[in-house]
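Peer 1: Sequence annotations record features per position, and here Swiss-Prot assigns phosphoserine to S15, S16, S75. Per Swiss-Prot, the feature domain 'EF-hand 1' maps to 25-60. Here Swiss-Prot flags T25, T35, T101 as phosphothreonine, drawing on a large-scale study or a structure entry. Residues or ranges marked as Ca(2+) binding site in Swiss-Prot: D38, N40, D42, D49. Residues or ranges marked as domain 'EF-hand 2' in Swiss-Prot (evidence: sequence analysis): 95-130. According to Swiss-Prot, the domain 'EF-hand 3' annotation covers 131-166.
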Amino acid sequence: MAPKKAKRRAAAEGSSNVFSMFDQTQIQEFKEAFTVIDQNRDGIIDKEDLRDTFAAMGRLNVKNEELDAMMKEASGPINFTVFLTMFGEKLKGADPEDVITGAFKVLDPEGKGTIKKQFLEELLTTQCDRFSQEEIKNMWAAFPPDVGGNVDYKNICYVITHGDAKDQE
C-alpha cells in the first residue's frame with residue numbers, strides 16, 4: 001500500500017460519533033478551518049501544513065518542537081474526522097470515554113460495570129471538586145441506582161462523552 005493511502009486509512013479511524021456533537025453549521029465552519037490549514041489539499045493536516053498556516057498568519061520561524069507537540073495531540077494522521085474529534089474533546093472539556101471508564105474501573109475491582117451508590121456518593125462529596133447536595137440529588141435523578149443500590153457507571157461515562165443516555169438493550 002502506498003504511504004499516502006496508508007496515512008488516509010489510519011486517519012479514517014477517527015470517531016464518527018463526533019458528527020452528532022455539532023450542528024451542520026458548526027461542522028461546515030470546522031470544515032472551512034480544516035481546508036485553510038490543509039495547505040497542500042491532501043486531506044491530511046501534517047507538520048508542513050501547520051508551518052505554512054503559521055507563516056500565512058505572519059508567524060515565521062515556528063520551532064519544530066512546537067509543531068511536533070501539536071501533531072502529538074492526535075493519535076495518528078489528522079483527517080477531517082480526527083480534526084473534528086480533537087476540537088470536540090477540547091470544547092466539551094471532557095476526557096475520552098475510555099479514560100473516564102478506566103477511572104471508574106479502578107473503583108470496580110470485580111468488573112461488574114457498577115459501583116455502590118453509597119460509595120460513589122461518599123467519594124463525590126468528600127474528594128477533589130466536591131459535589132454539593134443539589135448536584136448529588138441531580139445525579140441520582142439522572143442516573144438512579146438499581147434496587148441493589150448499584151450505579152451503572154458505563155452509562156454515566158457514555159452521557160459525559162456523548163451527551164445522551166445510551167439506549168438500554
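Positions of Cβ are set from backbone N, Cα and C atoms, glycine also.
Neighbours and distances for these, please.
Peer 2: Confidence over the domain 'EF-hand 1' (25-60), given as mean pLDDT on the 0 to 100 scale, stands at 88.
Mapped onto three states, the DSSP output places T25 (phosphothreonine) in helix. Spatially close to T25 (phosphothreonine) yet at least six residues away along the chain is no residue at all, judged by Cβ distances under 8 angstroms.
Of all Cβ atoms in the shown protein chains, 12 besides its own fall within 10 Å of the Cβ of T35 (phosphothreonine). In the three-state DSSP classification, T35 (phosphothreonine) falls within a helix.
There are 20 other Cβ atoms within 10 Å of the Cβ belonging to D38 (Ca(2+) binding site).
Long-range Cβ contacts of S75 (phosphoserine) within its own chain (separation 6+, distance under 8 Å): V82.
Listed in sequence order, Y153, K154, C157 are the same-chain residues at least 6 apart in sequence whose CB falls under 8 Å from the CB of T101 (phosphothreonine).
For the domain 'EF-hand 3' (131-166), residue counts in helix, strand and coil come to 20 helix, 3 strand, 13 coil, using DSSP.
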Peer 1: If you count the C-beta atoms lying within 10 Å of each candidate's C-beta, which of the binding-site residues D42, D49 ends up with the smallest number?
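Peer 2: The binding-site residues D42, D49 were compared, and D42 has the fewest Cβ atoms within 10 Å.
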Peer 1: Calculate the distance in Å between the alpha carbons (Cα) of D49 (Ca(2+) binding site) and T35 (phosphothreonine), and round it to a whole number.
Peer 2: 10
Peer 1: Suppose the Ca(2+) site is D38, N40, D42, D49. Which further residues of the same chain have a Cβ inside 8 angstroms of that site's Cβ centroid?
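Peer 2: Output for this site, in sequence order: I37, Q39, R41, G43, I44, I45, D46, E48.
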Peer 1: Can you check which residues sit near N40 (Ca(2+) binding site), meaning Cβ under 8 Å from its Cβ, same chain, 6 or more apart in sequence, and list them in order?
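Peer 2: Expected: D46, E48, D49, D52.
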